[in-house]
Amino acid sequence: MSPLDGTSIRSRRSGGIRLDLKLIADMVDPSSRVLDIGCGDGALLDYLVHEKNVDGRGIELSMDGVHTCVSHGLSVIQGDAETDLKDYPSGAFDYVILSQTLQAMRAPRTVLNELVRIGRRAIVSFPNFGYWRIRMALLWMGRMPVTERLGYEWFETPNIHFCTIKDFTSLCDTLDISIDRSVILGRDNRPTRLASADGVANFFGEQGVFMLRRNGMGD
Amino acid sequence: MTASIPLNQPPATAEVEGFVSGRSNQRVTLGVDQPMRLDCGVELSGFTVAYGTYGTLNADKSNAVMVCHALTGDHFVSDYHPVSGKPGWWSMLVGPGRPIDTDRYFVICSNVIGGCMGSIGPAESNPATGRPYGLDFPVITIADMVRAQKLLIDHLGIEKLFCVVGGSMGGMQVLQWAVSYPESVFAALPIATAARHSAQNIAFHEVGRQAIMADPDWCNGDYLNQEKRPHRGLAVARMAAHITYLSEAALHRKFGRNLQNRQTVTYGFDADFQVESYLRHQGITFVDRFDANSYLYITRAMDYFDLAAEHGGVLANAFRHEGGPTPVRFCLTSFSSDWLFPTTESRAVVHALNAVAANVSFVEVATDKGHDAFLLEEPHFHQVVRGFMDGCAEHRGLTNRRAALV
């Protein structure tokens, strides 16, 4: 289950996956090796396996999610990314995907390092806490924001490490991780032309999708 | 148990829909041209293996599924058992339209060597003496069981199994298959199992063996020649083992502290409690279908099982193949209340497979039924098996005969 919503995002084999997942899928080369961390019910993985012919694997924490994935023939293990990633050899995958899960990690910094170790590339997407609606909710209502995409009250949210786009790019700098590509999504998951380094992106972007690699790990 | 097994015949009264029969009790003599060398150094030649097949082998022989049975199982996977008259031990999972679909796959299951349902074992006749082997039978290992199965598929002309599947000791064989013959296995489904037998499990087995050996009718293993049977010892071994197959929650749900056909305790040592009566029944019915020496040999084979030990103590090394990960696709399943082969054991295998970036799925099924869950109606577990098999069939290019017919 995605930490962002409680509903199923499945629409198998129709090609009709959520727009932000499609955007990630478009970044993945066909026939590559992919690890999807926090793969939920497998919507993205299923799309990648069947539409892009990737050798796809997944890790998912919830029993229901894993059960759904494996019952649909996907290679998914029940596990916790924060304890299990260390098992994988370096460079085992072409892409390691962490979609909308970074903010639910106990140690996002460690996880980021593991992503760029295991994968030649990492694709990370997360909700931007600097998004103007969130800022407004805090500024005017004085309450932790509960939006359509972040539908949890503060006391029950699995999202324990929110960050802004600016926070994220700054951490990547610190960890010597370079950003090969980025796409800033505005309202309704619509891609914008904003650059991630742009302060405007940090204000108008509802989420960001980043393709990362360890510095000095070029092709 | 003697060498003669009645030919398999369904009870005349009950014709259960969907059962396949006819080829579930076959015999083959293996190791004729070349003897099979066991781990203990002994060579077996011209030995019998009993096996059953279900479904049809396709033209390119790519749809064969090897089912590996557990400690007290046999090759009657999906057919009436000739001794008990009950449906096969995995008829819920194996059969037409079932998760291991015999309309689609050619299912093979053989009685393990050391067993007592027709394959060579301590109850069979020793050609050197013309009398049952007893303790002269060599100690066998899980790898030896798998060697014999490999000879069987060679005999059947099958180069590569589509899938090897089994639970408990069957799961150990599945792991051994993938490690010994990675080129001959496309997919592996080890269920409720471990890459090594734990100290606790060895301890339980030792209790069972001691119960058998403490029975005077065991006669130092020579009971078949002395017209005796160590039924009491074997029954106690079964009773103790049976507890480990269940869970506290399942026992409580089934029996609680309920009394057996009485209103109050009797202040004696009859089976006052239902759970006692149940265990006694388990013990008594078991001795009718199982050989005590076989029980010693097979439990020993499980005790010796340790995949990592053969690979420098590093389990991941067992799954390396030609400088890369094993080509076998894995799906491991464990059951949340199984304390005999707990989830941690399956997870250790998953971690080792991850360490070589092998293709692996892993599901822990939530249930209170304990280790036995792999033999019982567990819809989630069955869905996982079906999903994994279907997914692998797609990758293997196996057409869905059922879909093709529609």
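Backbone N, Cα and C atoms are what each Cβ position is placed from, and that goes for glycine too.
Features of the protein shown, as given by TrEMBL:
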type	residues	note
DOMAIN	B:64-377	domain 'AB hydrolase-1'
ACT_SITE	B:S168	active site, nucleophile
BINDING	B:R238, B:D372	substrate binding site
ACT_SITE	B:D338	active site
ACT_SITE	B:H371	active site
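Features per TrEMBL, on structure.
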| residue | record | Cβ contacts under 8 Å, 6 or more apart |
| --- | --- | --- |
| B:S168 | active site, nucleophile | B:A70, B:L71, B:I191, B:A192, B:T193, B:L340, B:F341, B:H371, B:F374 |
| B:R238 | substrate binding site | B:T72, B:G208, B:Q282, B:G283, B:F286, B:V287, B:F290 |
| B:D338 | active site | B:A192, B:S247, B:G370, B:H371, B:A373 |
| B:D372 | substrate binding site | B:Y245, B:L246, B:A250 |
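Applying an under-8 Å Cβ distance to chain A, the recorded positions B:R238, B:H371, B:D372 reduce to an empty list. All protein chains included, B:H371 (active site) registers 24 other Cβ atoms within 10 Å of its own Cβ.
DSSP assigns B:D372 (substrate binding site) to a helical segment in the three-state reduction. If you average pLDDT over the domain 'AB hydrolase-1' (B:64-377) in this model, you get 96.
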